[in-house]
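Chemist: Pasting the feature list from Swiss-Prot:
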- Asp148: active site, proton acceptor (ACT_SITE)
- Phe31, Gly32, Lys33, Gly34, Gly35, Phe36, Ala37, Lys38, Cys39, Lys54: ATP binding site (BINDING)
- 25-277: domain 'Protein kinase' (DOMAIN)
- 391-469: domain 'POLO box 1' (DOMAIN)
- 491-572: domain 'POLO box 2' (DOMAIN)
- Thr182: phosphothreonine (MOD_RES)
- Thr186: phosphothreonine (MOD_RES)
- Ser299: phosphoserine (MOD_RES)
- Thr302: phosphothreonine (MOD_RES)
- Ser306: phosphoserine (MOD_RES)
- Thr323: phosphothreonine (MOD_RES)
- Ser327: phosphoserine (MOD_RES)
- Thr328: phosphothreonine (MOD_RES)
Amino acid sequence: MAAKPEDKSTDIPDRLVDINQRKTYKRMRFFGKGGFAKCYEIIDVETDDVFAGKIVSKKLMIKHNQKEKTAQEITIHRSLNHPNIVKFHNYFEDSQNIYIVLELCKKRSMMELHKRRKSITEFECRYYIYQIIQGVKYLHDNRIIHRDLKLGNLFLNDLLHVKIGDFGLATRIEYEGERKKTLCGTPNYIAPEILTKKGHSFEVDIWSIGCVMYTLLVGQPPFETKTLKDTYSKIKKCEYRVPSYLRKPAADMVIAMLQPNPESRPAIGQLLNFEFLKGSKVPMFLPSSCLTMAPRIGSNDTIEDSMHRKPLMEMNGIRPDDTRLESTFLKANLHDAITASAQVCRHSEDYRSDIESLYQQLTNLINGKPRILQGNLGDENTDPAAQPLFWISKWVDYSDKYGFGYQLCDEGIGVMFNDTTKLILLPNQINVHFIDKDGKETYMTTTDYCKSLDKKMKLLSYFKRYMIEHLVKAGANNVNIESDQISRMPHLHSWFRTTCAVVMHLTNGSVQLNFSDHMKLILCPRMSAITYMDQEKNFRTYRFSTIVENGVSKDLYQKIRYAQEKLRKMLEKMFT
């Protein structure tokens, strides 16, 4: 007999009432969970302002002796006010729960950025690290040690501004020279003096920033091993390797922060004087496409550099090299298109490895024999943080004459022509990327492009007009519009039709299946997750491990099996 899906949110009311402030919040979509708390998007019913509602169960809090810790977290966090710290708006309680009203960070945390991208460019790292330092400097100036700085506690808002959050382990230094003795932190980021219990202070945050910076640039934490024992051993010995491809300014800064002796580490304010930050202009913004794809060019790169950069293994895109760009480049009117080397595109082996990984993950899911449920799993089994950033919302097949056209969820338009060349119109409706048969990228605008592409540009306009006028958009609407010149949007790598579905593989690694019954699947190998979109355009994202552990509806299971079979055929084609 099929099992019923569980819904564990019954102890949380739909309306959260703050009697003292005379405010009522409506509980909206589930946002995530961790420790003893669940997080929801909540709306102030009077003002329509949207917040994150962190809801802590009193029953669990008392059971695990977390009452004092929660009180200290609230006391510290409510006293803070800085652009790079998650804003604390309010807190209240009832007989069942404590409700903490926080700034909503819709772009999730830097952990999701890391999973999707592995390594990021130095250009991007400079942007993030500078903001992290600003936030931590504010904390240290106010005698607060965070003690749990890690990618998962560094949140991102819609503008990709860094917001430091989760003050559950934070502490305040009461007097000059005080050393804390509590064993706390996250294994991959914990400082050696915490492990040796010699007493610790502000320097533990510097160590953690070093681990964060290393992870962003290299793609994995510096001391990561398969076991906790080995990781702690490496941390105590300060045993890690700086890859040779890291440029000296970046390597010097990481090495300075990862000093085994806390007294040898720079103070937070001194980090701003390192060449990595001082020698290059810190970017003022990044496009949201950087969450899944490397930027096309950094404003400190030269035109020549953008044409000849070498890819870093496991990096989704590019890494700046030693040379620099005149700051006027991005402002210049590009009369001649800038052609980037095929090296900036991910190689076909990388696309294949994504499909191989996805096929293996689906195979493991099926072999796990998940129980079949009568309906979908409850909201609390979903993982909204793993929801795809880009998917295909419209498509039209004119491959009998011209090619396959599609629109991404952010309003970007793409065409894959029958000769395998591609045109992508960015959401700003100005910038155009052309990708030739060999994978070389050419950057143009709708008014300034190669005359040899005249016919294809007209076809792009035709596809765009048809989809806008005749097709209904699939999926959520809350997607930012890209409007800058450094975006590299994911585009269609390959597609094919079957008797009951259209299968589309994007260059960010995801595979989308649009079924004839109007159900859609988006599979992401990097997040190990599947997103299921029903006829009403409702999104549900599940980790593969959650499905194995908790079960799956019959319809979704059948579609997963179908997707696995199509991935197998894709792999066979790639190897022939």
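Count begins at 1; order follows the chain as displayed.
Glycine is treated like the rest: Cβ placed from N, Cα and C.
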Chemist: At the level of the C-alpha atoms, what whole-angstrom distance separates the residue listed as 'active site, proton acceptor' and Lys33 (ATP binding site)?
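Modeler: Rounded to a whole number, the Cα-Cα distance is 17 Å.
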Chemist: Looking only at Phe31, Gly32, Lys33, Gly34, Gly35, Phe36, Ala37, Lys38, Cys39, Lys54, which the record lists for ATP, tell me the maximum pairwise CA distance in angstrom.
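Modeler: Max span of the ATP binding residues, Cα based, is 14 Å.
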Chemist: Going by a 10 angstroms cut-off between Cβ atoms, which of the modified residues Thr182, Thr186 has the sparsest surroundings?
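Modeler: Counting other Cβ atoms within 10 Å of each of the modified residues Thr182, Thr186 gives the minimum at Thr182.
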Chemist: What are the DSSP helix/strand/coil residue counts across the domain 'POLO box 2' (491-572)?
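Modeler: The counts are 26 helix, 34 strand, 22 coil.
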Chemist: With DSSP as the reference, give the number of residues of the domain 'POLO box 1' (391-469) in helix, strand and coil.
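Modeler: Here the numbers are 19 helix, 32 strand, 28 coil.
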Chemist: To the nearest whole angstrom, what is the C-alpha distance linking Ala37 (ATP binding site) and Thr186 (phosphothreonine)?
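Modeler: Pair distance, Cα basis, whole Å: 18 Å.
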Chemist: Enter the number of other CB atoms within 10 angstroms of the CB of the residue listed as 'active site, proton acceptor'.
Modeler: 22
Chemist: Give me the Cα-Cα distance between Phe31 (ATP binding site) and Thr186 (phosphothreonine), rounded to a whole Å.
Modeler: 22
Chemist: Quick one: give me the count of other CB atoms within 10 A of the CB of Cys39 (ATP binding site).
Modeler: 19
